[in-house]
Amino acid sequence: MSEKYVVTWDMLQIHARKLAARLMPSEQWKGIIAVSRGGLVPGALLARELGIRHVDTVCISSYDHDNQRELTVLKRAEGDGEGFIVIDDLVDTGGTAVAIRDMYPKAHFVTIFAKPAGQPLVDDYVIDIPQDTWIEQPWDMGVAFVPPISGR
């Protein structure tokens with residue numbers, strides 16, 4: 001990955017609210033299935049904004065920090081996804097998205113961020129991200145002192 005796109009907590013909340021507004025009316029949804037781990041925080045934000053209390057997870061492992069690897073399903077939510085929103089933080093190459101579509105063919109699959117290779121696999125997303133860009137999510141970063149450039 002050649003570029004980095006840094007996401008702040010404020011940005012994430014703004015994007016999640018935009019997505020939630022597009023998912024109204026909330027009564028059409030039975031619940032949310034958050035893709036662990038990237039979809040957990042966006043899933044909580046959507047649950048809050050839409051007033052949805054039924055939240056489940058599908059646990060899929062496909063990254064080791066910044067390296068993509070083979071997909072492993074560790075835990076899945078029951079059913080075919082009918083009436084459910086499935087949320088992940090982003091769709092990248094589409095590997096996870098294909099697995100989600102296979103597991104939950106009737107779900108409404110959404111992400112906050114989408115790269116070109118994965119865009120056709122989601123029903124909705126908020127922000128376009130170039131394919132060669134790594135996204136730094138706020139839950140992966142800490143706040144630290146940065147000395148002034150002048151050194152004084």
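Every residue gets a Cβ built from N, Cα and C, even glycine.
Feature annotation from Swiss-Prot assigns 5-phospho-alpha-D-ribose 1-diphosphate binding site to Arg37, Gly38, Arg69, Asp88, Asp89, Leu90, Val91, Asp92, Thr93, Gly94, Gly95, Thr96; the stated evidence is sequence analysis. The GMP binding site annotation in Swiss-Prot covers Arg69, Asp92, Thr93, Gly94, Gly95, Thr96, Trp134, Ile135. Under the heading Mg(2+) binding site, Swiss-Prot lists Asp89. Residues annotated as guanine binding site in Swiss-Prot, with sequence analysis given as evidence: Asp92, Ile135. The xanthine binding site annotation in Swiss-Prot covers Asp92, Ile135.
Shown on the structure are the features that Swiss-Prot records.
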| residue | record | Cβ within 10 Å |
| --- | --- | --- |
| Arg37 | 5-phospho-alpha-D-ribose 1-diphosphate binding site | 17 |
| Asp89 | 5-phospho-alpha-D-ribose 1-diphosphate binding site | 23 |
| Val91 | 5-phospho-alpha-D-ribose 1-diphosphate binding site | 27 |
| Asp92 | GMP binding site | 25 |
| Thr93 | 5-phospho-alpha-D-ribose 1-diphosphate binding site | 15 |
| Gly94 | GMP binding site | 18 |
| Gly95 | 5-phospho-alpha-D-ribose 1-diphosphate binding site | 18 |
| Thr96 | GMP binding site | 26 |
| Trp134 | GMP binding site | 13 |
| Ile135 | GMP binding site | 20 |
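Ile135 (GMP binding site) and Asp89 (5-phospho-alpha-D-ribose 1-diphosphate binding site) are 10 Å apart (CA-CA, integer value). Secondary structure from DSSP puts Thr96 (GMP binding site) in a helix. Put simply, Trp134 (GMP binding site) is 16 Å from Gly95 (5-phospho-alpha-D-ribose 1-diphosphate binding site) when counted between their Cα atoms. On a Cα basis, Gly94 (GMP binding site) lies 16 Å away from Arg37 (5-phospho-alpha-D-ribose 1-diphosphate binding site).
Across the fold, the C-alpha of Ile135 (GMP binding site) and the C-alpha of Val91 (5-phospho-alpha-D-ribose 1-diphosphate binding site) stand 11 Å from each other.
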